[in-house]
Amino acid sequence: MKIGIVGLGRVGSSTAFALLMKGFAREMVLIDVDKKRAEGDALDLIHGTPFTRRANIYAGDYADLKGSDVVIVAAGVPQKPGETRLQLLGRNARVMKEIARNVSKYAPDSIVIVVTNPVDVLTYFFLKESGMDPRKVFGSGTVLDTARLRTLIAQHCGFSPRSVHVYVIGEHGDSEVPVWSGAMIGGIPLQNMCQICQKCDSKILENFAEKTKRAAYEIIERKGATHYAIALAVADIVESIFFDEKRVLTLSVYLEDYLGVKDLCISVPVTLGKHGVERILELNLNEEELEAFRKSASILKNAINEITAEENKHQNTSG
(Lines of atoms letter the chains of each structure in order from A and count residues from 1; the text may use other names and numbers.)
(Lines give C-alpha, C1' and ligand atoms only; values in the text may rest on other atoms or scores of the structure.)
Protein backbone atom coordinates (compact mmCIF):
# COMPACT_ATOMS: atom_id res chain seq x y z
CA MET A 1 0.00 0.00 0.00
CA LYS A 2 1.23 3.48 -0.89
CA ILE A 3 0.22 6.19 1.57
CA GLY A 4 0.64 9.93 1.21
CA ILE A 5 0.55 12.26 4.20
CA VAL A 6 0.02 15.98 3.63
CA GLY A 7 1.00 18.04 6.66
CA LEU A 8 3.75 16.98 9.05
CA GLY A 9 2.79 18.73 12.21
CA ARG A 10 2.35 16.69 15.36
CA VAL A 11 -0.73 14.90 14.02
CA GLY A 12 0.81 14.13 10.62
CA SER A 13 4.14 12.91 11.99
CA SER A 14 2.47 10.85 14.74
CA THR A 15 0.22 9.30 12.09
CA ALA A 16 3.24 8.40 9.96
CA PHE A 17 4.80 6.69 12.99
CA ALA A 18 1.58 4.82 13.82
CA LEU A 19 1.29 3.61 10.22
CA LEU A 20 4.91 2.46 10.22
CA MET A 21 4.25 0.45 13.38
CA LYS A 22 1.17 -1.15 11.78
CA GLY A 23 3.40 -2.42 8.99
CA PHE A 24 1.14 -2.29 5.96
CA ALA A 25 2.65 0.74 4.17
CA ARG A 26 5.21 -0.40 1.58
CA GLU A 27 5.66 3.22 0.48
CA MET A 28 5.01 6.46 2.35
CA VAL A 29 5.45 9.95 0.90
CA LEU A 30 5.55 12.89 3.32
CA ILE A 31 4.54 16.36 2.11
CA ASP A 32 4.79 19.62 4.01
CA VAL A 33 5.29 23.31 3.19
CA ASP A 34 8.41 22.98 5.33
CA LYS A 35 10.33 20.54 3.12
CA LYS A 36 13.16 20.20 5.64
CA ARG A 37 10.74 19.06 8.31
CA ALA A 38 9.31 16.44 5.97
CA GLU A 39 12.84 15.27 5.13
CA GLY A 40 13.69 15.08 8.83
CA ASP A 41 10.62 13.01 9.61
CA ALA A 42 11.36 10.70 6.68
CA LEU A 43 14.92 10.10 7.86
CA ASP A 44 13.81 9.55 11.44
CA LEU A 45 11.21 7.01 10.38
CA ILE A 46 13.55 5.23 7.94
CA HIS A 47 16.04 4.71 10.77
CA GLY A 48 13.32 2.81 12.60
CA THR A 49 12.59 0.38 9.77
CA PRO A 50 15.09 -2.24 11.04
CA PHE A 51 12.61 -2.69 13.91
CA THR A 52 9.50 -2.78 11.70
CA ARG A 53 8.52 -4.11 8.31
CA ARG A 54 10.46 -2.68 5.40
CA ALA A 55 9.03 0.51 3.92
CA ASN A 56 10.18 3.16 1.46
CA ILE A 57 9.64 6.49 3.25
CA TYR A 58 10.59 9.81 1.69
CA ALA A 59 9.75 13.52 1.56
CA GLY A 60 8.14 14.63 -1.68
CA ASP A 61 5.84 17.01 -3.51
CA TYR A 62 2.25 16.66 -4.63
CA ALA A 63 3.34 15.00 -7.87
CA ASP A 64 4.76 12.16 -5.76
CA LEU A 65 1.23 11.29 -4.64
CA LYS A 66 0.67 9.59 -7.99
CA GLY A 67 -0.34 5.98 -7.43
CA SER A 68 -1.28 6.49 -3.76
CA ASP A 69 -3.91 4.17 -2.35
CA VAL A 70 -4.62 6.45 0.59
CA VAL A 71 -3.90 10.14 1.14
CA ILE A 72 -4.13 11.53 4.66
CA VAL A 73 -4.64 15.29 4.97
CA ALA A 74 -3.38 16.64 8.29
CA ALA A 75 -2.24 20.09 7.15
CA GLY A 76 -3.51 23.23 8.79
CA VAL A 77 -2.92 25.73 11.52
CA PRO A 78 -3.04 24.29 15.06
CA GLN A 79 -5.93 24.79 17.45
CA LYS A 80 -5.34 27.42 20.12
CA PRO A 81 -6.24 26.87 23.80
CA GLY A 82 -9.94 27.59 24.24
CA GLU A 83 -10.56 27.87 20.50
CA THR A 84 -13.47 25.85 19.14
CA ARG A 85 -13.00 23.69 16.07
CA LEU A 86 -15.41 25.88 14.17
CA GLN A 87 -13.30 28.97 14.88
CA LEU A 88 -10.51 27.24 13.03
CA LEU A 89 -12.58 27.16 9.87
CA GLY A 90 -11.65 30.48 8.38
CA ARG A 91 -7.94 29.87 8.85
CA ASN A 92 -7.96 26.43 7.31
CA ALA A 93 -10.54 26.53 4.50
CA ARG A 94 -8.27 28.09 1.87
CA VAL A 95 -5.44 25.71 2.72
CA MET A 96 -7.79 22.76 2.31
CA LYS A 97 -9.02 23.90 -1.10
CA GLU A 98 -5.45 24.18 -2.40
CA ILE A 99 -4.64 20.69 -1.14
CA ALA A 100 -7.82 19.33 -2.72
CA ARG A 101 -6.87 20.67 -6.13
CA ASN A 102 -3.45 19.04 -5.94
CA VAL A 103 -4.63 15.68 -4.61
CA SER A 104 -7.36 15.42 -7.26
CA LYS A 105 -4.78 16.25 -9.92
CA TYR A 106 -2.14 13.70 -8.93
CA ALA A 107 -4.09 11.01 -7.03
CA PRO A 108 -7.70 11.19 -8.27
CA ASP A 109 -8.45 7.53 -7.50
CA SER A 110 -7.03 7.50 -3.97
CA ILE A 111 -9.04 7.26 -0.76
CA VAL A 112 -8.69 10.56 1.11
CA ILE A 113 -8.91 10.84 4.89
CA VAL A 114 -9.20 14.43 6.13
CA VAL A 115 -8.00 14.90 9.70
CA THR A 116 -7.53 18.67 9.91
CA ASN A 117 -10.00 20.46 12.20
CA PRO A 118 -12.76 21.46 11.98
CA VAL A 119 -12.86 18.15 10.18
CA ASP A 120 -16.51 18.03 9.10
CA VAL A 121 -16.51 21.41 7.37
CA LEU A 122 -13.06 20.95 5.84
CA THR A 123 -13.99 17.51 4.52
CA TYR A 124 -16.95 19.15 2.79
CA PHE A 125 -14.73 21.82 1.24
CA PHE A 126 -12.19 19.21 0.13
CA LEU A 127 -14.91 17.11 -1.49
CA LYS A 128 -16.52 20.03 -3.31
CA GLU A 129 -13.21 21.49 -4.49
CA SER A 130 -11.74 18.17 -5.60
CA GLY A 131 -14.81 16.74 -7.33
CA MET A 132 -13.70 13.28 -6.21
CA ASP A 133 -15.92 10.28 -5.45
CA PRO A 134 -17.81 10.97 -2.16
CA ARG A 135 -17.31 7.33 -1.18
CA LYS A 136 -13.56 7.90 -1.23
CA VAL A 137 -13.38 11.24 0.58
CA PHE A 138 -14.24 11.35 4.27
CA GLY A 139 -13.06 12.79 7.55
CA SER A 140 -11.81 11.06 10.67
CA GLY A 141 -14.98 12.44 12.25
CA THR A 142 -16.04 11.16 15.65
CA VAL A 143 -14.00 7.95 15.60
CA LEU A 144 -11.86 9.35 18.41
CA ASP A 145 -14.84 10.79 20.32
CA THR A 146 -16.49 7.38 20.17
CA ALA A 147 -13.29 5.78 21.48
CA ARG A 148 -13.05 8.34 24.29
CA LEU A 149 -16.63 7.74 25.41
CA ARG A 150 -16.21 3.96 25.29
CA THR A 151 -13.04 4.28 27.37
CA LEU A 152 -14.76 6.37 30.05
CA ILE A 153 -17.64 3.90 30.32
CA ALA A 154 -15.26 0.94 30.40
CA GLN A 155 -13.10 2.45 33.14
CA HIS A 156 -16.11 3.25 35.28
CA CYS A 157 -17.92 -0.05 34.79
CA GLY A 158 -14.84 -2.28 34.88
CA PHE A 159 -14.97 -3.70 31.36
CA SER A 160 -12.66 -3.69 28.37
CA PRO A 161 -13.37 -0.77 25.99
CA ARG A 162 -13.70 -3.40 23.24
CA SER A 163 -16.81 -4.73 24.99
CA VAL A 164 -18.48 -1.31 25.11
CA HIS A 165 -20.59 -0.37 22.10
CA VAL A 166 -21.78 3.20 21.82
CA TYR A 167 -21.50 5.80 19.07
CA VAL A 168 -20.88 9.51 19.08
CA ILE A 169 -22.34 11.14 15.95
CA GLY A 170 -22.70 14.64 14.55
CA GLU A 171 -20.00 17.29 14.62
CA HIS A 172 -16.52 16.34 15.80
CA GLY A 173 -16.76 19.04 18.41
CA ASP A 174 -19.03 20.90 20.77
CA SER A 175 -22.38 19.76 19.33
CA GLU A 176 -21.51 16.05 19.09
CA VAL A 177 -24.25 13.60 20.07
CA PRO A 178 -23.77 10.41 22.15
CA VAL A 179 -26.31 7.78 21.10
CA TRP A 180 -27.24 6.47 24.53
CA SER A 181 -30.33 4.69 23.21
CA GLY A 182 -28.12 2.15 21.42
CA ALA A 183 -25.37 1.84 24.05
CA MET A 184 -24.47 -1.69 25.12
CA ILE A 185 -21.88 -3.59 27.12
CA GLY A 186 -21.35 -7.15 25.95
CA GLY A 187 -24.70 -7.15 24.17
CA ILE A 188 -26.60 -5.95 27.25
CA PRO A 189 -28.21 -2.50 26.98
CA LEU A 190 -26.26 0.00 29.06
CA GLN A 191 -29.36 1.00 31.03
CA ASN A 192 -29.87 -2.63 32.10
CA MET A 193 -26.18 -3.02 32.90
CA CYS A 194 -26.26 0.11 35.04
CA GLN A 195 -29.19 -1.31 37.01
CA ILE A 196 -27.23 -4.51 37.58
CA CYS A 197 -23.99 -2.89 38.72
CA GLN A 198 -25.73 0.12 40.33
CA LYS A 199 -22.78 2.35 39.44
CA CYS A 200 -24.38 4.59 36.83
CA ASP A 201 -27.21 7.06 36.69
CA SER A 202 -28.19 9.74 34.20
CA LYS A 203 -25.91 12.34 35.80
CA ILE A 204 -22.88 10.07 35.49
CA LEU A 205 -23.65 9.38 31.83
CA GLU A 206 -24.06 13.11 31.19
CA ASN A 207 -20.67 13.62 32.83
CA PHE A 208 -19.12 11.03 30.50
CA ALA A 209 -20.56 12.89 27.51
CA GLU A 210 -19.22 16.22 28.76
CA LYS A 211 -15.77 14.74 29.46
CA THR A 212 -15.71 13.32 25.95
CA LYS A 213 -16.60 16.71 24.52
CA ARG A 214 -13.99 18.52 26.64
CA ALA A 215 -11.18 15.97 26.22
CA ALA A 216 -9.37 17.76 23.39
CA TYR A 217 -9.56 21.12 25.17
CA GLU A 218 -8.05 19.64 28.34
CA ILE A 219 -5.19 18.04 26.44
CA ILE A 220 -4.49 21.19 24.41
CA GLU A 221 -4.42 23.24 27.61
CA ARG A 222 -1.82 20.89 29.09
CA LYS A 223 0.44 20.04 26.13
CA GLY A 224 -0.62 22.24 23.22
CA ALA A 225 -2.13 19.62 20.89
CA THR A 226 -3.73 16.20 20.63
CA HIS A 227 -1.86 13.83 18.35
CA TYR A 228 -1.19 10.34 19.73
CA ALA A 229 -4.77 9.06 19.97
CA ILE A 230 -5.90 10.60 16.69
CA ALA A 231 -2.84 9.09 14.97
CA LEU A 232 -3.82 5.65 16.24
CA ALA A 233 -7.41 6.29 15.17
CA VAL A 234 -6.31 7.18 11.62
CA ALA A 235 -4.05 4.11 11.47
CA ASP A 236 -7.06 2.04 12.53
CA ILE A 237 -9.12 3.55 9.71
CA VAL A 238 -6.38 2.74 7.18
CA GLU A 239 -6.19 -0.80 8.55
CA SER A 240 -9.88 -1.31 7.81
CA ILE A 241 -9.22 -0.20 4.23
CA PHE A 242 -6.07 -2.30 3.79
CA PHE A 243 -7.63 -5.53 5.03
CA ASP A 244 -11.08 -4.77 3.57
CA GLU A 245 -12.51 -5.33 7.04
CA LYS A 246 -15.85 -3.61 6.40
CA ARG A 247 -15.81 -2.33 9.96
CA VAL A 248 -18.45 0.05 11.27
CA LEU A 249 -16.84 3.39 12.10
CA THR A 250 -18.25 6.85 12.79
CA LEU A 251 -16.70 8.84 9.94
CA SER A 252 -17.54 12.27 8.59
CA VAL A 253 -19.12 11.39 5.24
CA TYR A 254 -21.15 13.25 2.64
CA LEU A 255 -24.89 12.86 3.17
CA GLU A 256 -27.35 13.47 0.36
CA ASP A 257 -30.33 12.89 2.65
CA TYR A 258 -29.96 11.23 6.04
CA LEU A 259 -32.65 11.72 8.68
CA GLY A 260 -33.44 15.08 7.12
CA VAL A 261 -29.80 16.18 6.87
CA LYS A 262 -28.76 17.05 3.31
CA ASP A 263 -25.65 18.18 1.42
CA LEU A 264 -23.29 18.00 4.39
CA CYS A 265 -20.33 16.06 5.75
CA ILE A 266 -21.02 14.89 9.29
CA SER A 267 -20.25 11.80 11.36
CA VAL A 268 -22.54 8.78 11.22
CA PRO A 269 -21.80 5.03 11.33
CA VAL A 270 -20.57 3.61 8.02
CA THR A 271 -18.98 0.40 6.82
CA LEU A 272 -15.46 0.90 5.51
CA GLY A 273 -13.53 -1.39 3.18
CA LYS A 274 -10.93 -1.35 0.43
CA HIS A 275 -13.13 0.73 -1.88
CA GLY A 276 -13.91 3.34 0.77
CA VAL A 277 -17.32 3.93 2.32
CA GLU A 278 -19.55 1.02 1.30
CA ARG A 279 -22.69 1.64 3.34
CA ILE A 280 -24.10 4.48 5.40
CA LEU A 281 -26.03 3.03 8.33
CA GLU A 282 -29.19 4.79 9.46
CA LEU A 283 -29.55 4.78 13.24
CA ASN A 284 -32.85 4.43 15.05
CA LEU A 285 -32.48 7.56 17.19
CA ASN A 286 -34.93 8.63 19.86
CA GLU A 287 -36.54 12.08 19.56
CA GLU A 288 -33.97 13.81 21.77
CA GLU A 289 -31.02 12.34 19.87
CA LEU A 290 -32.56 13.13 16.48
CA GLU A 291 -33.17 16.74 17.48
CA ALA A 292 -29.59 17.06 18.76
CA PHE A 293 -28.20 15.51 15.57
CA ARG A 294 -30.15 17.89 13.36
CA LYS A 295 -29.05 20.81 15.52
CA SER A 296 -25.43 19.71 15.13
CA ALA A 297 -25.92 19.52 11.37
CA SER A 298 -27.43 23.00 11.36
CA ILE A 299 -24.38 24.41 13.15
CA LEU A 300 -22.07 22.89 10.55
CA LYS A 301 -24.30 24.06 7.68
CA ASN A 302 -24.25 27.61 9.03
CA ALA A 303 -20.46 27.51 9.27
CA ILE A 304 -20.19 26.36 5.65
CA ASN A 305 -22.57 29.10 4.51
CA GLU A 306 -20.65 31.75 6.43
CA ILE A 307 -17.26 30.84 5.00
CA THR A 308 -18.73 30.47 1.50
CA ALA A 309 -20.20 33.97 1.75
CA GLU A 310 -16.84 35.30 2.92
CA GLU A 311 -15.08 33.62 0.01
CA ASN A 312 -17.55 35.07 -2.50
CA LYS A 313 -17.14 38.51 -0.98
CA HIS A 314 -13.36 38.21 -1.15
CA GLN A 315 -13.47 37.12 -4.80
CA ASN A 316 -15.82 39.95 -5.77
CA THR A 317 -13.62 42.50 -4.02
CA SER A 318 -10.39 41.20 -5.56
CA GLY A 319 -12.02 40.87 -8.99
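Just so you know, glycine gets a Cβ as well, placed from its N, Cα and C.
For reference, Swiss-Prot has these:
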type	residues	note
BINDING	Arg10, Val11, Asp32, Arg37, Tyr62, Gly76, Val77, Val115, Thr116, Asn117, Ser140	NAD(+) binding site
BINDING	Gln79, Arg85, Asn117, Pro118, Val119, Asp120, Asp145, Thr146, Ala147, Arg148, Thr226	substrate binding site
BINDING	Arg150, His165	beta-D-fructose 1,6-bisphosphate binding site
ACT_SITE	His172	active site, proton acceptor
MOD_RES	Tyr217	phosphotyrosine
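In this structure, of the recorded positions Tyr62, Tyr217, the smallest number of CB atoms within 10 A of the CB marks Tyr217.
Sequence-distant neighbours of Asp145 (substrate binding site) (same chain, six or more apart, CB under 8 Å from its CB) are Val168, His172, Glu176, Thr212, Lys213, Ala215, Thr250, listed in sequence order.
In the three-state DSSP reading, His172 (active site, proton acceptor) counts as coil. Thr226 (substrate binding site) is 9 Å away from Tyr217 (phosphotyrosine) when you measure Cα to Cα.
Cβ neighbour count for Asp32 (NAD(+) binding site): 22 (other Cβ atoms within 10 Å of its Cβ, all protein chains included). Within 10 Å of its Cβ, the residue among the binding-site residues Gln79, Thr116, Asn117, Ser140 with the fewest other Cβ atoms is Gln79. Sequence-distant neighbours of Ala147 (substrate binding site): residues of the same chain at least 6 apart with a C-beta under 8 Å from its C-beta are Pro161, Ala229, Ala233. Taking a C-beta cut-off of under 8 Å and a sequence gap of six or more, Thr226 (substrate binding site) has these contacts in its own chain: Val11, Ala215, Ala216, Ile219, Ile220. In sequence order, Leu88, Arg91, Asn92, Val95 constitute the residues six or more apart from Val77 (NAD(+) binding site) in its chain with CB-CB distances below 8 Å. When the binding-site residues Arg10, Arg150, His165 are scored by other C-beta atoms within 10 Å, Arg150 scores highest. Within the set of binding-site residues Gln79, Arg150, His165, the entry lying nearest in space to Thr116 (NAD(+) binding site) is Gln79 (CA atoms). Counting in whole angstrom, Arg150 (beta-D-fructose 1,6-bisphosphate binding site) lies 17 from Ser140 (NAD(+) binding site) by their C-alpha atoms.
Closest by Cα distance to His165 (beta-D-fructose 1,6-bisphosphate binding site), from the binding-site residues Asp32, Tyr62, Ser140, is Ser140. When secondary structure is read from DSSP and collapsed to three states, His165 (beta-D-fructose 1,6-bisphosphate binding site) falls in the strand class.
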